[in-house]
Amino acid sequence: MTAEHYSLVGDIGGTNARFALVKQGSIEPEAIEVLPCRDYENLDQAVVTYLERVGVASVRQACLAVASPLRGTRVTMTNNHWRFDIEAVRQVFGWSAFKVINDFTAMALGVPHVSDANLVHVCGGPGDPGRPKLVMGPGTGLGVSGLVPIRNGWVPLVTEGGHVDFAPTDDTEMDVLRLLRARFGRVSVERILCGQGLLNLYQAHAEIRGVAAPLDAPEKITAAAVDASDALAGEVLQHFCEMLGRTAGNSALTLGSLGGVYLCGGMLPGFLDFFLGSPFREAFVAKGRMRPLMEFTPVYVVTEPYTGLLGAAEALGNSEV
């Protein structure tokens with residue numbers, strides 16, 4: 001590969017770092033590699049290893065999406081040991097430009113580039129493509145972002161919408177709030193609508209009912225719900241989907257996202273059929289007088305595994321980022 005024709009893009013989470021190359025003027029990632037973060041002392045080592053694997057000595061510029069709040073030039077990863085200074089890394093590699101963006105900002109920027117084959121329609125539509133899009137994703141946490149259309153593209157909205165207060169709507173949810181408040185103090189929607197949150201919800205339901213909670217990991221709960229081997233797991237996952245629908249609907253109303261709601265992240269594709277049959281749809285549209293507006297808003301599950309890389313590639317040439 002000829003180095004001067006490529007830029008480096010990456011999507012770095014708590015566990016893995018995904019890297020790819022993109023040609024100048026393109027957003028299609030090539031030579032994708034996934035490196036375990038624990039195997040590398042720092043970002044520099046991981047980048048060097050990646051470039052060696054793909055046979056490129058250097059690239060002109062780079063954009064990395066990171067699972068971390070961004071303030072200034074110092075980056076401290078939320079769920080792994082990497083720490084780096086943006087300008088110092090740029091100088092080490094001799095890049096002409098180095099952008100670092102939030103991982104969910106990248107997810108949002110990638111959504112317009114996801115093919116129809118990797119979008120599963122959940123409900124609603126046809127929507128209005130000229131209006132904002134909401135991007136939400138339960139995974140390690142609950143990411144929330146938005147896209148506002150401009151003349152030649154999109155402006156991403158960097159938010160911490162997963163940290164808004166959890167608002168219970170019935171007696172069971174009041175009990176869930178009481179139990180989680182005793183554990184965490186303040187209870188955000190992310191305390192429920194993410195992988196660890198599903199486990200929190202399962203344990204709370206078990207305590208409310210006075211029954212055992214033998215499942216100790218979110219993937220065990222989803223597996224038991226899908227194969228109907230644990231009744232409590234099934235009910236809890238239904239409740240999880242319902243609350244996700246309600247929360248997505250609230251965010252859609254706030255943003256005015258008639259351009260669509262896009263559900264990303266690693267969780268939902270793992271139990272997609274269950275999700276499509278869950279109370280999500282009704283919870284999303286059940287907004288009283290606003291129901292017709294919600295029914296007009298299309299909702300999709302994004303199954304593209306490298307949406308963040310697409311977004312990082314988009315960010316390279318997006319002057320709004």
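The backbone N, Cα and C atoms fix where each Cβ goes, glycine too.
A quick note: this is a predicted structure, and the numbers were derived from the prediction, not measured.
Here Swiss-Prot flags GLY10, ASP11, ILE12, GLY13, GLY14, THR15 as ATP binding site, drawing on sequence analysis.
Under DSSP, ASP11 (ATP binding site) is assigned to a strand (E or B) in the three-state scheme. Taking a C-beta cut-off of under 8 Å and a sequence gap of six or more, THR15 (ATP binding site) has these contacts in its own chain: PRO36, CYS37, ARG38, ASN79, ASN80.
Counting other CB atoms no more than 10 Å from each candidate's CB, the binding-site residues GLY10, GLY13, GLY14 peak at GLY10.
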